[in-house]
Amino acid sequence: MGGGGGGTRSRGDERGVGPLLPEMQSGMTPPPGGSNGHHHRRQQVSAMESGGDAPGAAARRRFNWKAPAIVLVFELLESIAFSGVALNLVVYLATVLHGSTAFNAAHVDTWNGTTFIVPVIGAFLADSYWGKYRTILASIAFYLVGLVLLTVSAAVPSLRPGTACQMGASCAPATKTQFSVFFAALYLTSIGTGGVKSALLPFGAEQYDDDAERPERKQAFFSWFFAAINLGIFIAGTLISWLEQNVAWALGFGVGTACLLVAALAFVAGTPWYRVQMPTGSPLKDIIRVLVAAFRKRRVRLELEDGAAAPLHEDDDAKDEQQLARTKGLRCLDRAAVIVKGEAAAEGAWSLCTVSEVEGVKILVRMLPIWATCVLYAASLGQMTTTFIQQGMAMDARVGGRFKVPVASLVSVEVVFMLLWVALHDAAVIPLARRVTGRPGGLTQLQRMGVGRFLVVLALGTAALVERRRLRGVSAGGAAMSIVWQVPQFVLVAGSDVFCGIAQLEFFYGEAPAAMRSICSAFSFLALSLGFYVNSLVVTLVAAATGRPGWLAPDLNAGHLDYYFWLWTVISVANLLLYMVLAARYTPKQVAAAVEPATSD
């Protein structure tokens, strides 16, 4: 199923799919630094050996479908375990531990923010020291301990108050010890899921690095990884939530723990089929070196007196390292690679960098504005779990006259729409785009991210129109509006999430330098975390600016939630326009073409 892993390099295509990485024997140590004597970064591709292999035995791993299949199953089970905790956290705090409304909201927001910031730390460890495989294993240990402790805290009577409390009722809160045990378990779980989120996606994508002849396989992997996340959320939001609230919280948490245990065993069992890249140092040091060298050479000219380009340093001996081609723009950084003393060996590591190291920093600088628009996009998407739910609570939840739809269940239904969009995306949209554009990926990653941003504009506009119609019905004294009217906005949000969510995963992985793939992949989670805070800030400002009862009145019939939706529609339009400008000016990563050695006849 896969092509060979030879040492060829190909120029990055418009989708930014990662370049082909050479496979090396496990146990190989990197040779000394390049011609200027500074440390030469390598990413070794090591085949994890089975128990019967001798240590250090050479083993090449071609593409094997079992490796990414195990990763997808792992993500599905992990998503069930995580969502089984996250989706009902505020309910558990209120009904079991008897926390106050303000206390619960504050701690849930803090935990959510922490959970989506920890992946950045995990990504740094994965790219710099441990490698993705070991980072996942270490994170699983924290994860399992946290979930086991969480299950125990819900099962042991002395670790929780003796009586249940109804939502909104005033009950004696849990003791300090009971809260301490619960939050210790919760934050151990946060550490575990952070490490898994940062490393699992790039680890799975790297299994395709020797399958460059079929790039659509890697693109499909991102789609199904995204689908696995959301299928897990759906299962947790229906089955696990029902068990927790109707049978026993300990049983619901226990099922999530069992899911993660099965996932961990499957992941370890798949070790003989994995291709594993082992890092040898921190990419942060290389970034700082480029900035320092560029500052030191800020007065160096990039052209010689005769008009020729100044010589730039590249380590020609770095056969096993991804070499990047020089790109236009950000010329101030190019000075870090200019050889000013005639020979590269005459300059120190903090005065001279390679073209590839300079281009790696350029990539990060170019990605940051795109990432900033992801923060606002995440904030727009966040309306689905906040104001959309509040809107639904003011509507008639009965369907067919008898069946009453739980308002929050529309979030789970949105996951079903998302899975349908994934199937449509892979089965129709991308193949059609391939025929129209002639590109292997159909639409580029940036184009798909733009489609997602456009669809969220439509979703928010639709929500505003629905709310305006609902308020007019209330003013006229008519019957409550059916919750079915919310379905179109949830369908549009699902489509937006599919187009943009999948493309963002591919973009931050594919555009990243090889040594920083986990860190760049974690950008998506960081954007999601910051989107929560942006959403909270906008709510606070709107509440302060509109007074009482205001747009977001406790009684939505006395407020103007439609104005709030229009505000977010305008914000999303501005974000879309800014994104279109940035995407049009974006320079994609380019991988230097390999120079084939001359052969004698």
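Glycine is no exception: its Cβ is also placed from the backbone N, Cα and C atoms.
Where the annotation comes from TrEMBL, it is an automatic prediction and has not been curated.
The annotation region 'Disordered' is assigned in TrEMBL to 1-54.
When Cβ-Cβ distances below 8 Å are used as the criterion, the transmembrane segment (69-91) is approached by residues 104-105, 108, 111-112, 115, 143, 147, 150, 167, 186, 189, 193, 196, 200, 203-204, 207, 221, 224-225, 228-233, 235-237, 240-241, 244-245, 252-253, 255-257, 259-260, 262-263, 266-267, 269-270, 273 of the same chain, each at least six residues removed from its ends. The transmembrane segment annotation in TrEMBL covers 69-91 (among others).
If you look up TrEMBL, you'll see 111-130 (among others) marked as transmembrane segment.
Same-chain residues lying 6+ beyond the ends of the transmembrane segment (137-159) with a Cβ under 8 Å from its Cβ atoms: 78, 81, 85, 92, 96, 122, 130, 177-178, 181-182, 184-196, 199, 248-250, 253-254, 256-257, 260-261, 264, 267-268. Taken from TrEMBL, the feature transmembrane segment covers 137-159 (among others).
Look at TrEMBL and you will find 179-200 (among others) tagged as transmembrane segment. Beyond its flanks by at least six residues, the transmembrane segment (179-200) meets 71, 74-75, 78, 82, 85, 89, 97, 107, 111, 114-123, 125-126, 132-133, 135-136, 138-147, 149-150, 152-153, 159-160, 173, 518, 521-522, 525 of its own chain at Cβ-Cβ distances under 8 Å.
Positions annotated as transmembrane segment by TrEMBL: 221-243 (among others).
If you look up TrEMBL, you'll see 249-269 (among others) marked as transmembrane segment.
Residues annotated as transmembrane segment in TrEMBL: 409-429 (among others).
Annotated transmembrane segment per TrEMBL: 450-466 (among others), in sequence order.
Taken from TrEMBL, the feature transmembrane segment covers 521-543 (among others).
What TrEMBL lists as transmembrane segment is 563-582 (among others).
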Close approaches to the transmembrane segment (249-269) from elsewhere in its chain (Cβ under 8 angstroms; 6 or more beyond its ends): 70-71, 73-74, 77-78, 80-82, 84-85, 88, 92, 96, 136-137, 140, 143-144, 147-148, 150-151, 154-155, 236, 240-241, 243
Most Cβ pairs under 8 Å with the transmembrane segment (221-243), selected from 111-130, 409-429, 521-543, 563-582: 409-429
Contact between the transmembrane segment (563-582) and the transmembrane segment (450-466) (3 or more Cβ pairs under 8 Å, separation 6+): yes
